[in-house]
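**Student:** Feature annotation from TrEMBL assigns compositional bias 'Low complexity' to 494-503. Under the heading compositional bias 'Basic and acidic residues', TrEMBL lists 508-521. Residues annotated as domain 'Cation/H+ exchanger transmembrane' in TrEMBL: 77-453. Annotated region 'Disordered' per TrEMBL: 470-521, in sequence order. Per TrEMBL, the feature transmembrane segment maps to 65-86, 93-114, 126-144, 151-174, 213-241, 247-272, 284-302, 308-327, 339-358, 370-391, 403-430, 436-463 (among others).
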Amino acid sequence: MVSTNEDSKIRKFIRHRQINIIITTLLIFVSAYIALVTCLGENIFNPIGNVTEPAWPTANTRDVINSTISTFFIVVFGLIAGRLCFLVHLPPLLGSLIIGIALKNIPGVNAWLIILPSWDAVLRKLAFALIMIRCSMGINLAVVRANPRILVSLGCIAPLVEALCIFVAAHFIFSFPVSLSLVFGFLLAANSPAVTVPSMLHFQNTNHGTAKGIPTLVLACASADNVLLIVAYTVSIGLVFASGSLFATIAYTIGEIVASAAIGIFLGWLLWYFPRKKDTYTHLARGIVLVTLSLALLFSAIRLDIEFTGSISLVAMCLTAAIRWKADSEHQTRLEQRVYAVLWDLIFQPVLFVLIGMKFEISELSWHGILIGLACLGIGLVGRAIAVILLTVGAGLTMSEQLIFVFSFVPKATVQAALAPGIVVAAAAFPELLPQASIVLSACVVAILLTAPLGQLALGLFGPKFLTQDTKRPPTPDEFYGSVEELGPEQQPPRRSSSSSGSRSHRSPSEDLRDEGAATG
């Protein structure tokens, strides 16, 4: 065992400013190198002189130029469409999705924008990494400890009930294979906090439901929901499209889950010390190292043909790192999450939803398939609604407040946009599954088009009526902003004035800084 004196020397060594900066810099560059090389499919030890066949088909210079320019226009069109939707009180992602559908189906335009399949895969994987980071870091352990029953019931059990209902409908009613039905259930059941956040912000700012912490609980449950279902989806799709005997595949899968979780926990523990806390660039370094390590985990897992393990390692790493990061800074992880929110709103949200819209070809639509998808979606939503109401009986919530939780879990968007195209790609090697995989993709697109605006509309209409307005105190930023934040610049609340929070002369500088951190979210 290491003696106390030796342990003190080790801690002093790693906390030395220059030593810590050097190790943190090496960690960033090594993880960025691994992410880049594995993304390109090259040999990690000899990427430049690699003579083996690359993982992805090579493209000529013209294709690369076309894809670069097309990506630029996709970002611009997606941002403009999102802003227009925001002006009419609709989710911005809905505008990006509609633009993507239009670009794919308008004659002449559909041949103008060209995105290489490899570029499409990388862009979706980058967006997926950002989604996973934000969901994992957004789980507020203080909220979990204060409300374990609601968090477990609505963040874990209810989404699994919805996934089970979709599975039963797909397999027993519409004769989908068992394996694909399971994947379909986990994918379609995931909700989208990005749609409900504006409503929750409004309720928090107007003190609707704040006495019981309902806005905070909704987003904490939504974050747990996303993490659970994404991990379940990635594991199930790995099992569905694996070759070999089922028993051996399950045994290997269990071992890979344990190993990947251990790797993620180790890396998260490493981030407790690198970078060190309360340094000049601590938050910036933390944001960068978390992204580079996450991409390294995801792309190296793909390169090793064990894709689902990357997601598990990423979640374990983020959860472990966030435990210490939230404890050693008065800003918790709000500054890092703010950077990720800006990246999401300005780049990856428009790209992701335009890309999935461009996979929706109206001329090839099967109305039979769309009706199947809508039926599965409806059965799943009804199943979750019943589960939410039953699981919150005796939790101190009125029927109206229970309905707000039901409405909050209706929207589907982010997870479906990031993962649905991957089902069709994976099913390409299994021709017998391809028709049903195409139905799954169409169902996800239709689900986004319907549930995103309907969910936000229901919250806007019934939230102020169903939630009791708390007039006893103003909202406390840390009660809300410490939880998951799918915030864009236009969704940030105004900074509290001195008239609502006390005279400036009676506030300490640390309190001012705390409010500033909350306002930048």
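Just so it is clear, glycine is given a Cβ too, placed from its N, Cα and C backbone atoms.
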**Student:** Report yes or no: does the transmembrane segment (436-463) come within contact of the transmembrane segment (308-327), defined as 3 or more CB pairs under 8 Å with a sequence separation of 6 or more?
**Tutor:** no
**Student:** Out of 65-86, 151-174, 247-272, 308-327, which stretch has the largest tally of CB pairs under 8 angstroms to the transmembrane segment (213-241)?
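**Tutor:** Stretch with maximum Cβ contacts: 151-174.
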**Student:** Find the member of 284-302, 339-358, 370-391, 403-430 that has more C-beta pairs under 8 Å to the transmembrane segment (247-272) than any other listed stretch.
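**Tutor:** Against the transmembrane segment (247-272), the leading stretch is 284-302.
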**Student:** Are the transmembrane segment (403-430) and the transmembrane segment (339-358) close enough that 3 or more Cβ pairs fall under 8 Å, when only pairs 6 or more apart in sequence count?
**Tutor:** yes
**Student:** By Cβ distance under 8 Å, which residues at least 6 away from the ends of the transmembrane segment (403-430) in the same chain are close to it?
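**Tutor:** Answer is 91, 93, 97, 120-121, 124, 127-128, 131, 154, 158-159, 162, 180, 183, 187-188, 190-196, 199-200, 209, 214, 217-218, 221-222, 225-226, 229-230, 233, 237, 240-241, 352-353, 355-356, 359, 377, 381, 384-385, 388-389, 392, 397, 436-438, 440-441, 444-445, 447-448, 451-452, 454-456, 458-459, 462-463, 466-467, 486.
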